[in-house]
């Protein structure tokens, strides 16, 4: 039976590195709130529990991780099987929450290593792998060019985040105004109902007193 766990939910950030534990065939997910047209880079590494040493090994040989990325509209942006460590990429098509899930692809490790895994995950928003690019640079000019390009991308990402936050604030303001307007109209409708009921009761009592010749 497949188990799915939502680990955490956090808003837009440039980088989030952490680790978590997972069991046999247990799918664990995180939720990222991402602006549209944004590159996401995820790097992961799996460590296997050693029941003899009572510690995690440096790797998990023979094990793989199945990575899926979906939106809340059930649009699949990524669905791929990787090894015990790897890097995945995807680009958001629209603003909003994106669900990133990881699941081990085998249960063979249970018989010799226990059912516990430690998964290290580093999520980077709007960033390319600058270090790898610099290593491949042939001279200082190329290195400076890569760094400058990286800086430009960061500035563009900050501007994109600001636009996204402004859009969220505008949507929240519109929702709040609509809610306040609905509350005001409902209060006005209640007042009209109370006045109508009062007039009806007064007329009913007046007719009753006249019929009984009390007035």
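Residue numbers in this text run from 1 along the chain shown.
From the backbone N, Cα and C atoms, a Cβ is placed for every residue, glycine too.
Annotated in Swiss-Prot:
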SIGNAL    1-17  signal peptide
TOPO_DOM  18-167  topological domain 'Lumenal'
DOMAIN    27-125  domain 'GOLD'
CARBOHYD  105  N-linked glycosylation site
COILED    136-171  coiled coil
TRANSMEM  168-185  transmembrane segment
TOPO_DOM  186-215  topological domain 'Cytoplasmic'
MOTIF     208-215  motif 'COPI vesicle coat-binding'
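For residue 105 (N-linked glycosylation site), applying a Cβ distance below 8 Å and a minimum sequence separation of six or more within one chain yields 63, 64, 65, 66, 81. The helix, strand and coil residue counts that DSSP assigns across the topological domain 'Lumenal' (18-167) are 38 helix, 67 strand, 45 coil. The predicted model assigns the motif 'COPI vesicle coat-binding' (208-215) a mean pLDDT of 70.
If one looks beyond the topological domain 'Cytoplasmic' (186-215) by at least 6 residues along the same chain, no residue has a Cβ coming under 8 Å of a Cβ in the stretch.
When the topological domain 'Cytoplasmic' (186-215) is classified with DSSP, helix, strand and coil residues number 26 helix, 0 strand, 4 coil.
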